[in-house]
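Below is one structure, written out as structure tokens; the observations come after it.
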Amino acid sequence: MVVKVTSICCIGAGYVGGPTMAMIALKCPHIKVTVVDISQPRIDAWNSDELPIYEPGLDEIVKQCRGKNLFFTTDVEGAIAESEMIFVSVNTPTKKTGLGKGKAADLTYWESAARTIAAVSKTNKIIVEKSTVPVRTAEAIEKVLQRNCNTSGVRFDILSNPEFLAEGTAMDDLTAPDRVLIGGKIEGQEGTDAVASLVEVYANWVPQERIITANLWSAELSKLAANAFLAQRISSINSMSALCEATGADVSQVAYALGKDSRIGPKFLNASVGFGGSCFQKDILNLAYICECHGLTEVADYWYSVVGMNDYQKNRFVKRVVSAMFNTIRNKKICMLGFAFKKDTGDTREAPAIDVGNGLIEDGARLAIYDPKVSDAQIAMDMGAGMSNITTYKSHIEALRDAHAVCVMTEWDEFKSYDWGEIYGVMQKPAFVFDGRLILDHDKLREIGFIVYALGKPIEPFLRSAEGN
Ligand code: UDX
Ligand code: ADP
């Protein structure tokens, strides 16, 4: 029987759970959506005027639905008990210790959520995997649920519904997704019915032809594969950026020419100081680990090399800064514009600014960091002991005052509209710009007097002679 869902609970009020549930509440006024989290401060923030995450368009939707059919609470058990469908979007970080350390996904939070679901469920539940998980997690979770539920006759149907939203554009991605993927045990009637229940939720706003169904394992693997393919494109163009610098080609022109081939397409070909974010590295490591576990060493190595290229790109950037500045940055003030892993988010997970920042500090630099959305506390958490060499600023011009160099680490739009003449005036000379995101007008900067390094672009004579090449 296909259940027409009227109550949904989401475990985990993070970057995925919060925006996704806000969108379901907006598009399905007949469904009561309750988002739960074990973190009281996080839930308090969701119930306040200052949401715990910055995402364009999210505030308006939360304000419109909150208290009507969208609720945020720490009453995890109560919300599970009363809901027909439970989304699980808890964090699944890379394991830090034990078997698979540094590669496999840590499912501690997932398992704990499953145990709670089992303990409090008195009626049938459809469980929806939202967090990215290793292939065949659903199978493991099903065992935990079945063995820990004390009420007889309770049925758990497990679905995989991987999230493809990108931070910064999450609300647009959720409003008009390229596709919604739903995996389930479609070989049996009950599995098919559970899938149909979730299809019906999305069909409130997503055209049917964009809702794809698949078997459980295919859906789980598709998420890992999609992120691996996207990251692979960035590593590929970044590898080209190194070659462009060595040969005098221009990576933007190469990317443009490549993207015009309809088989390749223009997206995700922006060379950068490196990809960050909570997904790409974690998912590739996870994918490669699964390959290793199946004895597919060559396949695993292929994917590891995508992460290796990303690390190379961040190191290469640090080396450029040091060698351009006469091989010493000791005690020089270097301003980092941007700290988030991409624009329009305050998220810093795996941000390239962290590794680049540590690299510059190792060489003796004093860092001045300005980011429009990242809090000082977050930077302190990410940089740890390095903070003794870092000052954070609320104004870009103060961060740049007396700086020897500026490194553009995030592609925030506001950086493009700064008065770069004024900036030149307050910096030490020679004033260096290292554009790790290719967002600035390099010719104009050179006219003003800056020495400019633009990643993947022909190296200007000043830098070539400073580096002795
Ligand atoms: C990614 C996937 O895009 C999304 O589908 C999935 O659900 C979660 O992971 P996200 O990490 O939020 O989303 O952002 P994304 O836009 O993919 O950017 C990831 C990183 O790649 C950022 O650091 C970004 O700056 C970098 N990037 C992206 C590039 O360096 N060049 C590009 O051309 C595109
Ligand atoms: P994502 O980017 O995948 O959304 P986040 O780390 O932003 O990841 O969010 C995951 C959320 O899940 C966190 O707020 C965390 O407190 C919450 N969480 C983890 N385990 C549980 C649990 N067992 N019950 C409820 N919430 C949980």
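Cβ atoms are placed via backbone N, Cα and C, with glycine included.
What you see is a predicted model, and the numbers here were worked out from it, not measured in a lab.
The Cβ of C279 (active site, nucleophile) has T132, N227 as same-chain neighbours under 8 Å, each 6 or more residues away in sequence. Residues annotated as active site, nucleophile in TrEMBL: C279.
What TrEMBL records for 12-17, D37, R42, 90-94, 131-132, E167, 279-282, R349 is NAD(+) binding site. According to DSSP, E167 (NAD(+) binding site) sits in a coil region rather than a helix or strand.
What TrEMBL lists as domain 'UDP-glucose/GDP-mannose dehydrogenase C-terminal' is 335-442. Across the domain 'UDP-glucose/GDP-mannose dehydrogenase C-terminal' (335-442), the prediction's mean pLDDT works out to 98.
Across the range of the domain 'UDP-glucose/GDP-mannose dehydrogenase C-terminal' (335-442), the DSSP-based residue counts are 43 helix, 20 strand, 45 coil. Taking a Cβ distance under 6 Å to any atom of ligand 1 as the criterion, the recorded positions G12, D37, C279 reduce to C279. A C-beta separation below 8 Å, combined with a sequence spacing of at least six in one chain, links N91 (NAD(+) binding site) to G12, G14, Y109, S131. Remark: Y15 (NAD(+) binding site) has I53, E55, E167, A170, S278, D347 as non-local neighbours, by Cβ distance under 8 Å and separation of at least 6 in sequence.
Screening the recorded positions G12, Y15, D37, N91, C279 for a C-beta under 6 A from any atom of ligand 2 leaves G12, Y15, D37, N91.
In the three-state DSSP scheme, C279 (active site, nucleophile) is classed as coil.
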